[in-house]
Amino acid sequence: PSSSTTDALLQVTQYLYSSINQKGKFKPHTATSYNNIGSVYHNKGDYDNAHDYYNKALDIWKETLPEKHPDIAKSYNNIGSVYEDKRDYDIALDYLQKALVIWKETLPEKHPRIAKCYNNIGLAYHNKGDYDNAHDYYEKALDISKKTLPEKHPDMATSYNNTESVSGDKGDYDTALDYLQKGT
């Protein structure tokens, strides 16, 4: 691992240990530390460790937060993304749909997290070869992004590029070209 990755893991681990009180009980922000460690492992491509730490965060959040809390949705989204990266698309979709349900109930209708979740669901469907569902979710993500982000925001380009990609995979090259031009 690179020194910056190792340094990041060391810092988060030190923070984690400091977030446990003298009786060995977890403070609420311990879950955030676990989630952050999971993110570092996820970015390294170490999906098994990422999954373990995301699940540790989820377990704590389930014990300490209401059932429909956005942090629980964040864990579901992260775990779903790990499964998507591991190419286990059906399990990924289960977790991503759980995240979407919570975020739709707890966040404003056009929140960027909902757009990102739609994009993640679209990606799982796309990689699974279900282009129609992928296109539908990419369009939902794009719709929210158009209403909430500046035109040149990187997430806008991602939404256009994903929609372009699935349109091309469906053989709709004119639509793909249109989306590609909008995303540049």
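Backbone N, Cα and C atoms are what each Cβ position is placed from, and that goes for glycine too.
Taken from TrEMBL, the feature region 'Disordered' covers 152-173. Residues 112, 115-116, 119, 122-123, 126, 131-132, 134-135, 138-139, 141-142, 145-146, 179-180, 182-184 of the same chain sit 6 or more residues outside the region 'Disordered' (152-173) yet have a Cβ under 8 Å from a Cβ within it.
Residues or ranges marked as repeat 'TPR' by TrEMBL: 31-64 (among others).
As a summary of secondary structure, the repeat 'TPR' (73-106) carries 31 helix, 0 strand, 3 coil according to DSSP. Per TrEMBL, repeat 'TPR' is recorded for 73-106 (among others).
Look at TrEMBL and you will find 115-148 (among others) tagged as repeat 'TPR'. Distant neighbours of the repeat 'TPR' (115-148): 73, 77, 80-81, 84, 87, 89-90, 92-93, 96-97, 99-100, 103, 155-156, 158-160, 162-163, 165-167, 169-170; these residues of the same chain sit at least 6 beyond its ends, with a Cβ under 8 Å from one of its Cβ atoms.
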Can you break down the region 'Disordered' (152-173) into helix, strand and coil residue counts using DSSP? 17 helix, 0 strand, 5 coil
I'm checking region-level scores; what's the whole-number mean pLDDT for the repeat 'TPR' (73-106)? 97
